[in-house]
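Straight from Swiss-Prot, the features:
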type	residues	note
BINDING	GLN11, GLU69, SER138, GLY142, THR143, GLY144, ASN204, ASN226	GTP binding site
BINDING	GLU69	Mg(2+) binding site
COMPBIAS	429-448	compositional bias 'Acidic residues'
REGION	426-448	region 'Disordered'
Amino acid sequence: MREIVHLQTGQCGNQIGAAFWQTISGEHGLDSNGVYNGTSELQLERMSVYFNEASGNKYVPRAVLVDLEPGTMDAVRAGPFGQLFRPDNFVFGQSGAGNNWAKGHYTEGAELVDQVLDVVRREAEGCDCLQGFQITHSLGGGTGAGMGTLLISKIREEFPDRMMATFSVVPSPKVSDTVVEPYNATLSVHQLVENSDETFCIDNEALYDICMRTLKLSNPSYGDLNYLVSAVMSGVTTCLRFPGQLNSDLRKLAVNMVPFPRLHFFMVGFAPLTSRGAHSFRAVSVPELTQQMFDPKNMMAASDFRNGRYLTCSAIFRGKVAMKEVEDQMRNVQNKNSSYFVEWIPNNIQTALCAIPPRDLKMSSTFIGNSTSIQELFKRVGEQFTAMFRRKAFLHWYTGEGMDEMEFTEAESNMNDLVSEYQQYQDAGIDEEEEEYEEEAPVDEPLE
């Protein structure tokens, strides 16, 4: 089966990762020790995508847990599903990265990276046909951002033809954990643009908004946020984990979603939104799911797609859903909102179906969109970056670890380029292109 190796780095990555494994273990009928006691053949059919089968009907996640300090790892190990993971797959340092990207990427992280790669290699060798890697991390810190991107580039070197998907928590406009977040995030995006095949952008602020506005939680905890993220991750990976009519793998997803190699940053959404522990007793219908899924309030990244246009998007429906109904709804959305879709990619909504719904829901849908409005997110981080970098504030923390100012300048301009590329395709129409060609045709002068 087409296996995926999962890595989680840093505090954020490990917490999201732990929530993800808890969610999919439940969906596949595994208890907290990885013992199968499910009811459906379908749960077992593609179990091997994420789990290794060990002796005694026990399944072990193909996961590598990485951090530069032992704290979060201990918490995961002590958590409800801590016994699920293979003990050798916990790789951690003692020093911490102190929210410093340079420590994660160049000094502390670089010392630990070979140990991690050994574990990754061992996991990859245990696969029949590895399709790729997925990594959960945040872009604002030191370990997830710095060491996470280091791992991505190292894995890229060693497995150049395998897919690399990242679930990246991007800094949010209002909620900031550290002052140097814009630095860390910009340096990370600089890496992701080059080395990742698909990046699912998740944003704490958007998650807070969903918790407060939609789920009416007065003070959401990180547990509530991680629950939302794990719902989306479970949805995005559904097609990989269960047999379905329209199945996809990481590569098919990328082929359908990425029209230009650098523009692989996706917004994600999920419907119906329910809070942790609350079951939705209301029956949901396909039209409702579709409407909710395309609602900007449901997006888990703080950028509003109405300020841009969709290059491509993909919807994954789960549960007992009629294919015909889904296709009608999708066509409906596209016709009604045609101004939000670029007209030079016809039929740019792709749908997939899976018969197995998430736990406690009759049906659900997950949305993945490649929208030019994601540039708002990069713009915002870029502006904060420039404000600090112009004064060279906090730079000594990075140069002290051996970084060069030049690298900051490069990262800044790469991010600005990314923003203008999104803008360029947002403005592009069909007719403009043709006019340009007509103008260029009659030029016969020899080139100097």
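Glycine too: its Cβ is placed from the backbone N, Cα and C atoms.
Small disclaimer: the values here were computed from a predicted structure and weren't measured.
Residue with the densest Cβ environment among the binding-site residues GLN11, SER138, ASN204, ASN226: SER138, by other Cβ atoms within 10 Å. Listed in sequence order, the residues of the same chain lying 6 or more apart from GLY142 (GTP binding site) and placing their CB within less than 8 Å of its CB are GLY10, LEU68, GLY96, ALA97, GLY98, ASN99, ASN100, TRP101, LYS103, GLY104, ASN184. Counting only residues at least six positions away in the same chain, the Cβ atoms of THR9, GLY10, GLN11, GLY13, VAL66, ASP67, LEU68, GLU69, GLY96, ALA97, GLY104, GLY109, HIS137 sit under 8 Å from the Cβ of THR143 (GTP binding site). Site extent for GTP: among the recorded binding residues GLN11, GLU69, SER138, GLY142, THR143, GLY144, ASN204, ASN226, the largest C-alpha separation is 23 Å. Under the three-state DSSP scheme, SER138 (GTP binding site) falls in the strand class.
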